[in-house]
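**Q** Sequence annotations record features per position, and here TrEMBL assigns active site, acyl-ester intermediate to SER56. Marked as active site, proton acceptor by TrEMBL: LYS59. According to TrEMBL, the active site annotation covers SER111. The substrate binding site annotation in TrEMBL covers LYS217. Look at TrEMBL and you will find 20-245 tagged as domain 'Peptidase S11 D-alanyl-D-alanine carboxypeptidase A N-terminal'. TrEMBL lists 1-21 with the feature signal peptide.
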Amino acid sequence: MKIIPLGLAAFLLFSPLTAHAEQVPTLSGQSAVVMDGTTGDILFTKEEDVKRYPASLTKLMTAILLLEHKKPDDLLTASRLAASQEPTNISLRAGEKMTAKDALYALLLHSANDVAVMVAENVAGSVSKFADMMNAKAKALGMKNTHFVTPNGLHNPNHYSTAKDLAILTRAALQYPQIKEALHTKTYTMKRSYDPKELKNQNRLLFEDPETYWGGKSGFTDQAGTCLTEVANENGILLIAVTLKTTLEGAYDDIEKLVAYGYTQYDTFTLRKGQSLIEYPAPSGFTPQMMYTADGFQTIYPRTAPIEKQVELKPWNGPVPAGTEMGTLTIIQDGKVLKKIPLVVQQPITSNKTSPVSGTIVILLLTTLMMVRMRSAFRKKPLPQEMRESLPG
């Protein structure tokens, strides 16, 4: 087959995903990142590698280690140290028992500092040993500028991370279905024997715009300011936005700007069934015909990995009837074949002139037909009376 790269011929098949202006957002947060949640590609950064205090965004790592070492129905026991943690907390009592599932929701919906310490002690035996586990996991995830000391994010000068690392952590957390479900849960009732407690998700955007925002994790200390990581999911595109060291209102405003900007970094590719694409180059003496797509296709793709198109033409083999497949359109993105679409001609490709041989054949056929008709007419014509009477016998 002959392969033709398809460029300008398919230019009109592309359109921006959104109508947002491509203006770099002005943010109140001192550090920020927008990441493609599927690929991990970074779409926007602001001081993404500067070390900041992560506050309760730390609890995403605590949740990951909880799930890696405990089953949902495993019981955890609160120590005096856990029960003594300052707010935000759920007022744990020393000796109180709780399932790992309840602990997960207390971490992610209520951001309970006391539950975070309880998790650390029950998973690793002590807070310091749990911090070692946190740092080992951070290294394994590629969080290059992060160091954990506490399981809850309460201030410690040696407890820090970056916007980029926290986006990596958020993306890793989404690989755990229990975390993903918890982040998207608006309310959850803990089964405490003496005081059942209803937890409400603290993520404002989950309530205000659930069509766009899946969930996230917020945090605050005096030293960290307000920190927020948010997961957006629109048109099948997963974005992770992080802003650090700002105010409460500033954090949510930043996230909305970051997500809006992130979606401008994508385009749509649309191909309709029956869309004319390219003319089949028939040889001299034959009328070229346009090839049409036998199927449609649509995808959304990041501009960092644009779509490529190739057309493969089938070899010429004489006149072509209408509806014949004469080529294939291959759609490629980032080296991966997304779709192969047959290309067909809707009109036959026929000769546009009469050859001497075919002309001679037509003349012979017409002459023969005339002779047959004349002979038939002659046989059917009756003889005159006088000729019949003169015949012998």
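Positions of Cβ are set from backbone N, Cα and C atoms, glycine also.
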**Q** Taking just the CA atoms, what is the gap between the residue listed as 'active site' and the residue listed as 'active site, acyl-ester intermediate' in Å?
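**A** Between the Cα atoms of the residue listed as 'active site' and the residue listed as 'active site, acyl-ester intermediate', the distance comes to 7 Å.
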**Q** Of all the recorded positions given, LYS59, LYS217, which has the fewest Cβ neighbours within 10 Å once its own Cβ is left out?
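**A** Fewest other Cβ atoms within 10 Å, among the recorded positions LYS59, LYS217, is found for LYS59.
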**Q** Give the distance between the Cα atoms of LYS217 (substrate binding site) and LYS59 (active site, proton acceptor), rounded to the nearest whole Å.
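**A** Answer for this pair: 8 Å between alpha carbons.
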**Q** Who sits close to SER56 (active site, acyl-ester intermediate): which same-chain residues at least 6 apart have their Cβ under 8 Å from its Cβ?
**A** THR88, SER111, ASN113, ASN152, GLY153, LYS217, SER218, GLY219, PHE220, CYS227
**Q** Need the DSSP three-state call for the residue listed as 'active site, acyl-ester intermediate' to compare against my parser.
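**A** For the residue listed as 'active site, acyl-ester intermediate' - judged by DSSP and reduced to three states - the answer is helix.
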**Q** Work out the three-state DSSP category of LYS217 (substrate binding site).
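**A** Its secondary structure by DSSP: strand.
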